[in-house]
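What follows is a short report on a single structure.
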Amino acid sequence: AASPLCKQTNLQLNLIQTRKKVFVLDTLMYALCFLFIVGFTDCTDRTRFLFSTDDSHFGFNSDGVKRAVDLHDGQLHFFVHSWDSKGNKMTVPVMVLHHGHHHVSRDAEQHHGGHRHQNHHNTEVDSANTKETAEHPDVDVYYFPKSSNGLRRMKRDWVIPPINVPENSNGPFPLKMVTIRSSEDKIKKIIYRITGPGANEDPVGLFTMDKDTGDLFVHQRLDREKQAHYTLFTHTDVVGASKAEDPMEIIINVIDMNDNKPIFEQTSYVAEVAESSPKGTTVIQVKATDADEPGNDNSIIRYTILSQEPKLPSDSMFAIDTDNGAIMVKGVGLDREKYPEYSLDIQAADMKGEGLNGKTKVVLKVTDSNDNPPVFTASTYQGSVDENAVGVLVVKMSVTDEDEPNTPTWNAKFKIVGGDPDDFFSIETGSSKQEGIIKTAQGLDFEKSRTHTLEVIVENGVPFTIPLTTSTATVVVTVKDVNEPPIFKEKEMTVQKPEDLPVESVVIKSEAEDRDFERENNVKYKIIDDPENWLTVDEDSGLVKVKSLMDRESPNVTDNKYTVLLGAYDNDLVPATGTGTLIIILEDVNDNAPAIVERETQICKHQRTPALLSIVDKDEAAHSAPYSVAVHEKYSANWTAKMNEKTGIELFLKSEIPEGKYKVVLRVADRGNLDQESSINVEVCTCLENGLCPLTGTGLPAYIWGILGALLLLLVVLAVLFFSRRRRAKEQWEQHLQSIEWRRQSDTELSD
């Protein structure tokens, strides 16, 4: 309870706006024997501030002004200084009045309107910033700027400072905000009204003004997130006359309150983190937004990790950047095989982490890294293979790997690193990716080496992420002996012989040996392929002889080479045969007489032009041209022949003989005087202009008659088909007419 000696005092605080921060100064009234408490807020959750003043009559602590003072002349003015959370200095004027004291001194006006401070809004003494507190000591009163005879435009400096109204106010509504007064209301009846969005424009009725008093009211809660500013115009009208003053602009700023909690962009997040990730590796970044005013504590978000599951191997395996929400690896020991997944509860709180908050869940899947080596299931493997076998399975080698199956970190890759300098073996990964398959790449020789010892290592498809020991296994391969065929000492044997080599002459002695020394088999010989059947081979000795005369001109001789396939086999229970190739280069001998190619020709009776004939000789050039030609003595009376420069024969008619066909026999010899006779049919005629004999009246050549006969037969067949189809069409038409007639008769009978 207040002491009877105490006097009730009213403390009025002016509001000054800076560029970066607005201090809202609470107006408080206390009956505390001249002890005054002034409350300050910077629209955050801060409750303690640093203050100072230029008046020694007042003292300050972190709660505000708290010191007794004697008021002279009913009022006192001084300045209060404070600093916001960013170190910016704020200065506001304070005027202390006795309750009921109505006078606004010039000094106060000068402090409020004329005194300039850093970052303060400057006004004139008689501007709209002049306040009256007599009728409503807790509500600002703004006066219209005075005009020169009501005609002068309002100066730019005469602007009312913005009215700051906190959002989400609980009322009661309508809530009085300020009073707008005209300096003429003491001598004239003034009507007040407002226009603009929120008054007579959408949202209509949010703000109203008492037409008689000029009191400005708000009728419901304001929401900064919907609209942060309202611009209204106040109008004054004199009853029965024109307007009293020019319209005055009022800006209402909705002061942000912390009424929106941060909201994450996703209700949950899923990311992957490799188990080998080092400390500091960023895994994922979460982001939350706050609808409150940007740039102040209401929307400044800080991120924290609330919980981690599982809490193994430690409860702080991950950290989060409090400013940007980046989640990073903090601990060591990520192991997919033990802890394949982590669940983090993340909080985003405004007021720099102390205000409203939103939550989300982050699931981190630990992905496999190659931190486990594949290991052979046995240290030694045994396998066996027949000698000479190529591409056959020797052994399969199994491994195990604790990494995630069917991934590159789990898939095995094998390599032979020792014991195979000649690359007799190959190794590949089986379809299961956990098995190595060794096969023979070349035939093995039991007689050279009966065992092979291989060293094999296994790795993964990707390198190890940490130092690991590579698993090694030994493979012992046993070579099994098989009956191998004898092998010719020369796989390809070549000899050169004349084509007229006599029968029973030796061509070559073939030799083969059996390398299966332990079996002590005998080698025998045979001919596998002899296209002309010219040769024979001795079964025991391998001696190849001529069985029938060879001929270089045979179609089975190519480029003078005749090829025979020989076989050598042993006398094992299951004989094995080896092969060798014999190539005989046949030397040409003069065993083919030249012959005339043409068998018919023509000679013009009166032109004496010779007939040209060509010669063919199967022997090589050494046994062919130059040739000689002679007419058989039986025909020499009418015919003569000679060789021309082109190794051709010119046949001449040397006597007058009737037109007709004649037989002429010519004898042609090569340079070795090997000759033979050729019979030629010669037609003697009176030639046409083209140099050919005319066709005889007896007919055309046989092929012409064949063509004509085929055409005639085709015409006969077409004619038969045409008449047959015509007769069939006629029969069908007659049947159609009969059907129509029958239908007519039936219709007539039914109608009767």
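Cβ atoms are placed via backbone N, Cα and C, with glycine included.
Feature list (source: TrEMBL):
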{"type": "DOMAIN", "residues": "157-264", "note": "domain 'Cadherin'"}
{"type": "DOMAIN", "residues": "265-376", "note": "domain 'Cadherin'"}
{"type": "DOMAIN", "residues": "377-488", "note": "domain 'Cadherin'"}
{"type": "DOMAIN", "residues": "489-596", "note": "domain 'Cadherin'"}
{"type": "REGION", "residues": "104-132", "note": "region 'Disordered'"}
{"type": "TRANSMEM", "residues": "22-40", "note": "transmembrane segment"}
{"type": "TRANSMEM", "residues": "702-723", "note": "transmembrane segment"}
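This prediction places the mean pLDDT of the domain 'Cadherin' (265-376) at 93. Per DSSP, the domain 'Cadherin' (157-264) is made up of 0 helix, 51 strand, 57 coil. DSSP assignment over the domain 'Cadherin' (489-596) gives 0 helix, 51 strand, 57 coil. The residues of the domain 'Cadherin' (377-488), classed with DSSP into helix (H, G, I), strand (E, B) and coil, number 0 helix, 55 strand, 57 coil.
Mapped onto DSSP helix, strand and coil, the domain 'Cadherin' (265-376) counts 7 helix, 50 strand, 55 coil.
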